[in-house]
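Marked as region 'Domain I' by Swiss-Prot: 1-63. The region 'Domain II' feature in Swiss-Prot is assigned to 64-138; the stated evidence is sequence analysis. The annotation region 'Flexible linker' is assigned in Swiss-Prot to 138-142 on the grounds of sequence analysis. The region 'Domain III' annotation in Swiss-Prot covers 143-200.
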Amino acid sequence: MIALVQGRVAAIGLDAVVVVVGGVGMRVLATPATLAGLRVEADCELHTSLVVREDSLTLFGFADADERDVFELVQTVSGVGPRLALAMLAVHTPDGLRRAVAQEDLAALVRVPGIGRKGASRIVLELGDRLGPAQGAAPAAPVAVDDGADVVDALVGLGWPVRQAQDAVRGVLEDADGTAPDAAGLLRAALRSLAGDARG
């Protein structure tokens, strides 16, 4: 099993990063939050999980070992594969998932694309207390992002032109109707906007 990858970032996409290790470029799928912390040509360290299928080998990368361990544990639930597990961690932090399961918060779980109420109930039932208690303090209320500068930097690091990144962040903030998204939420919304523009 490949549990850790250290190397130079060669390229960053919307859902994956290419890390050069010993002259070999390894494509690693990751969440937007993990990708936002990487920079092209910079060194990185990712905790990884290798998913082996009959016709493929897919590497998933995470900012820390806890996130990787939660990714692997949620896949023990029937119907939850690696892609859905990654989507869960794109929407929730590991502690966010722990709280949702412990509190049987189905509404929080169905916010993940691909999970309905029946699937959320199954996740709560099958995981039970296996995720363990939350390791950090409860999340603070969302903090207003004044100008989205950090998110713009993250989008530029993902390969988007500065002007396009600024326009996407500005559009999300204008559509927020006075609510204050946190940085991760703003990044996800901006990525959706940019992906829609690219398809259009």
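Even glycines carry a Cβ here, placed using N, Cα and C.
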Could you tell me the mean pLDDT over the region 'Domain III' (143-200), as a whole number?
73
For the region 'Domain II' (64-138), how many residues does DSSP put in helix, in strand and in coil?
44 helix, 0 strand, 31 coil
Counting by DSSP secondary structure, give me helix, strand and coil numbers for the region 'Domain I' (1-63).
5 helix, 39 strand, 19 coil
